[in-house]
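The following features are taken from Swiss-Prot:
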BINDING   ASP380, GLU382, ASP525  Mn(2+) binding site
BINDING   GLU390, CYS497, HIS500, CYS521  Zn(2+) binding site
REGION    53-237  region 'Binding site for the cap structure m7GTP'
SITE      ASP457  site 'Important for exonuclease activity'
Amino acid sequence: MSSENVPSFRWTQSLRRGLSNWTHAVKGDVLADARAIVSALDFHQVAQVQRMMRKDKRSEADLTRLRDMNKEVDALMMMRSAQKDNILKVGGLSKDELMELASDLDKLRKKVQRTEGGGQPGVYAGNLTSSQLNQRSEILKMMGMGTGPRGPVGGVVKVWDIKDSSLLVNQFGSMPALTIACMTQQGGEQMNDVVQALTSLGLVYTVKYPNLSDLEKLTEKHPCLKLITQEPAQINISGYNLSLSAAVKADACMIDGGNMLETLQVKPSMFSTLIKTILEVKNREGMFVSPSPGQRNPYENILYKVCLSGDGWPYIGSRSQIKGRAWENTTVDLEGKPSVNHPPVRNGGSPDLKQIPKTKEDEVIRAIEQLDPRGTTWVDIEGPPGDPVELALFQPETGNYLHCYRRPHNENAFKDQSKFSHGLLLKDLADTQPGLISCIIRHLPNNMVLTAQGNDDIIKLLEMHGRRDIKVLDVKLSSDQARLMEDVVWERYNMLCVKHTGLVIKKKKKGAAPGSANPHCALLDCIMFDATVTGYLRDQKPKRLLPLDTLYRDNANLINL
């Protein structure tokens, strides 16, 4: 499939659905930043930057002016991306996923570099000096080509006459808060009118990409949209330009509940999970990185923005203070030193074989701090309390959950449990982080109250860790009652349960119908029990608190290159 045949909006919709767990209602935060910019930014200087960005040639002084203005805007905003270099290793992502990511980032690097190099025969959009420009003009004139083409079809090539082109990186791109502030302050509009206009444009964006024709029609109802330029988009356009693409990005933030990609927030704790999900959506839809220079397709766009920084708002936040490009700030490590593969202690033993690394313990503490110690907290384990293989804690009011696995000591008992209960396979637990379950239990808040379906095993597990202060409420559902919502939960949340891939044999008691063949997943069971008790499946999206990398040993020996 060529880049011209990309079903762009379908890809966007698929990414919206697949990444809905990471989208947020951001309207209030965007408007708070917009008000801060209106109140404190010198719009005389903004006008000078806008004028400078209309020039065909720009100097070192122009770049300094742009960077200084970007720094002021960044200081005024709460929604920003921070410098965060990401090194992805085998564990949270498989070997194949890491190699796929590395390949796509390299393809994206080549595409971006070709695009910034012009992408048109005979046209260079990079950083020629004034003397080089004059020399080129003379050579082309001598060859009978006049002054040569000044730009690609539909736009003008803007040339920066600067020594260090790396200073241009991350200084462009629009921010909704800045767009709204400029429309309000420079257009002499009420911010509420701007918000209403962008909301109307955003409703169009839920079903199609708004175009200039749509903009013109909406202008009849919302005159402030006349402030949006009718010029086609160009590369390296300033965030201070009121382009249609800037308006579309801003209007996405006005639509709560639309799962807009623009409202994605990336945190270090869930970076691996997000990348894994993006790759899953990509493969399901047949997305790809196109070699053709030009505008990025939806997959290329999200890959670049998310990999640029692992901490912040990749689409709508300020990123002018980030150094480097996406392929520099997110790297893949396929050559980690193999970990020592200790044989498991058979037939029992403590669940805590070794101390968890300090960095991972800190991640656990940060995750637990996000739990509400007074909120309803469901708990479930798979495996016996002396040799658990899975633990889940789930708070239905917020959707926050902790979910981890553990390699068992008693492999024979584990295989029997797999066939008749959880469907976990030993090979999938080989590189799970030892000590993680114990670490979680140790750091749970004092006197916390947990809710469970059957509390005997949970109480035994807590007592093994000296946590007699934690109480466990038993809802005491019958086996049939407990699994009333099973199919509904599996239909909606099966993507949360990726390791229970083994075959489960239905249990059949005399005089009773055969039991379920669905594997017992601790996390999905927590969601299922809550849905059974409340009588409905909540709309609150589950949110992982533990990063995927925390669940696996460092430098797991899964690849040998």
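Please read every residue number as a count from 1 along the shown chain.
In case you wondered, yes, glycine gets a Cβ from its N, Cα and C as well.
The Cβ centroid of GLU390, CYS497, HIS500, CYS521 marks the Zn(2+) site; residues of that chain outside this set whose Cβ lies within 8 Å of it are GLU382, HIS422, GLY423, LEU424, LYS499, PRO519, HIS520, ALA522, LEU523, LEU524, given in sequence order.
Here the C-alpha separation of ASP457 (site 'Important for exonuclease activity') and GLU390 (Zn(2+) binding site) works out to 13 Å. Under the DSSP three-state reduction, HIS500 (Zn(2+) binding site) is assigned to coil, being neither helix nor strand. Mean pLDDT for the region 'Binding site for the cap structure m7GTP' (53-237) in the predicted structure: 82. The shortest Cα-Cα distance from GLU382 (Mn(2+) binding site) to any of the binding-site residues (GLU390, CYS497, HIS500, CYS521) is found for GLU390. Apart from ASP380, GLU382, ASP525, the Mn(2+) site neighbourhood in this chain, defined by C-beta within 8 angstroms of the site C-beta centre, holds ILE381, GLU390, ALA392, HIS422, HIS520, CYS521, ALA522, LEU523, LEU524, CYS526. ASP380 (Mn(2+) binding site) carries a strand DSSP state (E or B).
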